[in-house]
Amino acid sequence: AVGPVADNTITDAATSPDGFSRQAVVVNGVTPGPLVAGNIGDRFQLNVIDNLTNHTMLKTTSVHWHGFFQQGTNWADGPAFINQCPISPGHSFLYDFQVPNQAGTFWYHSHLSTQYCDGLRGPFVVYDPNDPHASRYDVDNDDTVITLADWYHTAAKLGPRFPAGADATLINGKGRAPSDTSAELSVIKVTKGKRYRFRLVSLSCDPNFTFSIDGHNLTIIEVDSSNSQPLSVDSIQIFAAQRYSFVLNANQAVDNYWIRANPNFGNVGFNGGINSAILRYDGAPAVEPTTNQTTSVKPLNEVNLHPLVSTPVPGSPSSGGVDKAINMAFNFNGSNFFINGASFVPPSVPVLLQILSGAQTAQDLLPSGSVYVLPSNASIEISFPATAAAPGAPHPFHLHGHTFAVVRSAGSTVYNYSNPIFRDVVSTGTPAAGDNVTIRFLTNNPGPWFLHCHIDFHLEGGFAVVQAEDVPDVKATNPVPQAWSDLCPTYDANAPSDQ
C-alpha cells in the first residue's frame, strides 16, 4: 500500500490481466492501481503526475477519491469540469485533503470521460484503530482487499458507446476471458481457524456482480464506509462503485474453494474459470477448486442492512417530510440519457470556478438545467423512479460529498425512516419491480457535488446532475490553492490532440 502521502504516476502501458495484451491507463505501473491507505484523522497528500501519451485514452486526467466528504476541499473531489479542469500531460496536481471523521473502504478512479474503464482505478482504505467491529476478525490488511473490475479488450473510446458486456471479470487484477481459459487466476490465502475482514470493492464501469465464496457465509459489517449491524449472507450483489466489508470465518476443511463474481450481463457463468478466483487454505494443494456452487439461500437484501450506531434520518418520518424534495425523472433518446429533461454536457468552466467567479443561481450556473441549488442545513429527499424509458437498469446512483439514508430500497415498497443504512452508491432498481428508490441527506457541506449514474458509459451519455449546496458559503469554506487555479489556463492551452 501507499499513503497517506504518495506520488501517483499515471502512464500508458501494455497490460494483459486476462492473457490478452492491450494498452491501458495505469497507476505506478499497474491496473488496478496500488492500494492507498491511511488512518482516520490523516491528512492525505496524493500527488497525481500525468505522463500520459495516448490520446485514444485521453492524455489529460482527473482523479476522484470516492466516498470522501472533502469538507472544505471541494476543489480536491476530482470530477472534471465540476470541481476542476483536468490535469494536463507533463503536469502534476496535489490532492491535499483531511479525513477527520471517516473510516472504512473507499476507492479512487479517473473522473474524466470513460478513462477509468481503461484502467485508472484502485482501492483506498482508511483504518480505524478503534474499529467497533475489531473483536469480530483477526486479519485485516493489504491482502484482504478484493477488487472486482470489468475488463474490455478494446479501449473505451474505440468500442461501442454502450458495450454489451465485458470481455473478462478481473478479481484482484486477474481473470479469464472465454477465449483464453489458461490465464492465471487470483489466489486469496487463508489459515484455518482465523477470521478475515475482506474488503470487497467494485471498480466496475458497468455490470453489477453477484459475489460468493463456495462453502462459506459472509458477515457484512461495513457498507460504503458506514459501519453496519453484522448481517450474515451467502451472496452479495454489488453494484458499480459500492463497497462491503465482510467477515469470513475460515472454518471449513482445508481445501480450495471457488470465489465467484458473476456479472449481470455479458459473459456470465463460470465455464473454464471465468468470473472466478481461488480461496486457498494453507496446506491445500496449488490446484483449481472442484467445489460446486450452491443455490443462494440468504442473498443480501439492502433492507436488512442497518447502521451499527443509531443514526437519525434527516427530515420527518413521512413521505416528502423534508425541506426540499426532488424527483429525478429519467429518459433516453437512443444516444443520451436525460434527468428532468436535461442531458449533462460538461461545461467549459468547472462549476466550482463558476461559483467562485460569482454565479449564484441555477439560472446562472451551467450546464443549464443540470444544476440544482440546495439551501444550507436543510433536509433533502431525492427519489429515482425506475422507468423503461432509461434502459440499462438497475442504475447505481452516487452522490459526492455525502453519505445518504436509503429510506426506500430497490425491490421494496417500504419507507424506513427509523434505521435505514447510510451509503454513497445505491441501486435505483428496475421498472419491473415498480421501484422508486428514495434517499435523504443533510446539506452540511458547501460546494457543487456531482450526482450521477456510476455506469461510466451512462455518465458519458449525460446521466448526471450537479447538486450545488449552500452556494453563498462555498467561497469562504473552500479556499483553493494556486495550483488549482492554474489547472484551467493550462488545460485550455492544450491542442485538442493533447486533451
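For all residues, glycine too, the Cβ spot is worked out from N, Cα and C.
Matching His216, His306, His395 to the Cu cation 4 binding residues that Swiss-Prot gives (Cys453, His458) identifies His395. Swiss-Prot lists His66, His454 as binding Cu cation 2, and of His91, His109, His402 the one it places in that same site is His109. The record from Swiss-Prot ties His111, His400 to Cu cation 3, and of the options His55, His452 it ties His452 to that site too. Swiss-Prot records 3'-nitrotyrosine for one of Tyr137, Tyr372, namely Tyr372.
Swiss-Prot names the disulfide partner of Cys117 among Cys205, Cys488 as Cys205. Residues His64, Asp77, Gly78, Pro79, Ile82, His398, Trp449, Phe450, Leu451, Leu459, Ala464 surround the recorded Cu cation 3 site, their Cβ atoms falling within 8 Å of the Cβ centroid of His111, His400, His452, which are themselves excluded. Cβ contacts within 10 Å of His109 (Cu cation 2 binding site), excluding its own Cβ and spanning all protein chains shown: 27. Annotated pair His454 (Cu cation 2 binding site) and His398 (Cu cation 1 binding site), C-alpha to C-alpha distance, rounded: 6 Å. Most buried of the glycosylation sites Asn51, Asn54, Asn208, Asn333, Asn416, judged by other Cβ atoms within 10 Å, is Asn208. With helix defined as DSSP H, G or I and strand as E or B, the domain 'Plastocyanin-like 3' (348-470) counts 11 helix, 45 strand, 67 coil.
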